[in-house]
């Protein structure tokens, strides 16, 4: 938001309007922008999470086979222990970096806008594809840096798309669900790569496939330059809230009389513009719709207007961060080890392959099919209820992950592929409602960043499962389940209590306002306001 106090009266009015971009952008163009964002998120946002699908291709091409011992090569062990650890490390670094990058991405988004983020993302995706394509011919290991750049490019285009939920505020939950569904479905790209690789008898190898992939970053670059918004969209409620904060700024005591007069004119101009925005019938309807939705959430506006640092020091931030750390660790650990886990639980390589193949298809499909469910829950229920549902799903998934039955394995996958997009969308929805879009980039970025850093625990967990527990995944799964239930319960309880307190305070304020309007006028006039 521009500093309205630094603008002349004529510019202060324009500044408020400028923030409310959907007043000026046509509906077809806004629909086009949302559609394009969903499209490029589908091909770029989270492709590295299709690791389980492309891992067999990399093993077949002999990636990191040089880490195998002579004994393992003679016995035909594939993948060998160190080869699998190295491949899993490649994914872990990518997954962690995706999350750690959220903080600088958020800062860049807040400062320079979504267009700059999109251009940076397309550049990183192109660089990653080139490094991965020529990794087999390089004298040094470029698989890890290539996968890393693919991982970094994704969140640049994904996180910068969140602000598009304000193109149609009444459907913000649905738009976030569509974007998150595209993020989840992007993992299908590597499944497509594997199908093409196998159907062409490896003629379409990783080099050709990743060179072909360069079409995607080129498309993103073009649409960012010519179609997508340069600045983030904001809702009516948010613009008015921030503008009102500017209006109530007191006149600095050191101002002389002329400066005081100019300051009053600026404030009056801004106040007039706020009223004109609210007086428009379309905005009245929009504010009413937003108000009902915000009231329904129970937590909307809890920390709006606070600085990022003030927000970070609250339990609102601490608990959602802890919850995100635990859930993200569980999610990424399962993606990286689904086949080896089921191999031990089911006692069969063939049955484990069946579950893995089903998972490769279900992961992107779940991201699409869960969109109506996620949008409905986030737009029509309270935030504490949505978080409670997350904890409930997480508990069932954790229990199923410890059972040695085929039905449990399939049930685990089905719930997991629905839970994953629900979790990601719920965290971003919570951040927007509690912290607001003024600090969204920094605060949400820090949440994901901290979760990413702590996700490095995946490698020790992997090593622990291989060495201490003799490939038995149950102990690690049980530990993660216990942490998820404990932290999740605290988060739900805290938000529920705070939501109830906020509702009570709101009712008390309304009651006080109603009481004031019925007090006799000071001059002894009739009841009511003049």
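For all residues, glycine too, the Cβ spot is worked out from N, Cα and C.
Remember, predicted model here, so these are calculated numbers, not experimental data.
What TrEMBL annotates here:
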- 509-530: region 'Disordered' (REGION)
- 31-54: transmembrane segment (TRANSMEM)
- 87-106: transmembrane segment (TRANSMEM)
- 112-135: transmembrane segment (TRANSMEM)
- 147-168: transmembrane segment (TRANSMEM)
- 174-197: transmembrane segment (TRANSMEM)
- 209-227: transmembrane segment (TRANSMEM)
- 315-336: transmembrane segment (TRANSMEM)
- 357-378: transmembrane segment (TRANSMEM)
- 390-419: transmembrane segment (TRANSMEM)
- 440-458: transmembrane segment (TRANSMEM)
- 478-497: transmembrane segment (TRANSMEM)
Intrachain neighbours beyond the transmembrane segment (174-197), with Cβ under 8 angstroms and 6 or more residues off its ends: 34, 37-39, 41-47, 49-51, 53-54, 56-57, 60, 154, 158, 161-162, 164-165, 167-168, 204-206, 209, 213, 360-361, 363-368, 370-372, 374-375, 378-379, 417, 420-421, 424-425, 428-429
Among the ranges 31-54, 357-378, 390-419, 440-458, the one whose Cβ pairs under 8 Å to the transmembrane segment (147-168) are most numerous: 31-54
Beyond the flanks of the transmembrane segment (87-106) by 6 or more, those residues with Cβ under 8 Å of it: 46, 48-49, 51, 55, 58-59, 63-64, 79, 117, 143-144, 147-148, 150-152, 154-156, 159-160, 328, 332, 335-337, 440-449, 451-453, 455-456, 458-459, 462
Non-local residues, at least 6 beyond the ends, that sit with Cβ under 8 Å of the transmembrane segment (315-336): 49, 51-52, 88, 91-92, 95, 99, 302-303, 363, 390, 394, 398, 401, 416, 420, 423, 427, 430-431, 434-435, 443, 446-448, 450-452, 454-455, 457-458, 461-462, 476, 480, 483-484, 487-488, 490-491, 494-495, 498
Chain residues in Cβ proximity to the transmembrane segment (112-135) (below 8 Å; excluding those fewer than six residues from its ends, i.e. six or more beyond): 44, 63, 105, 141-143, 145-157, 159-161, 163, 206-211, 213-214, 216-218, 220-221, 223-225, 228-232
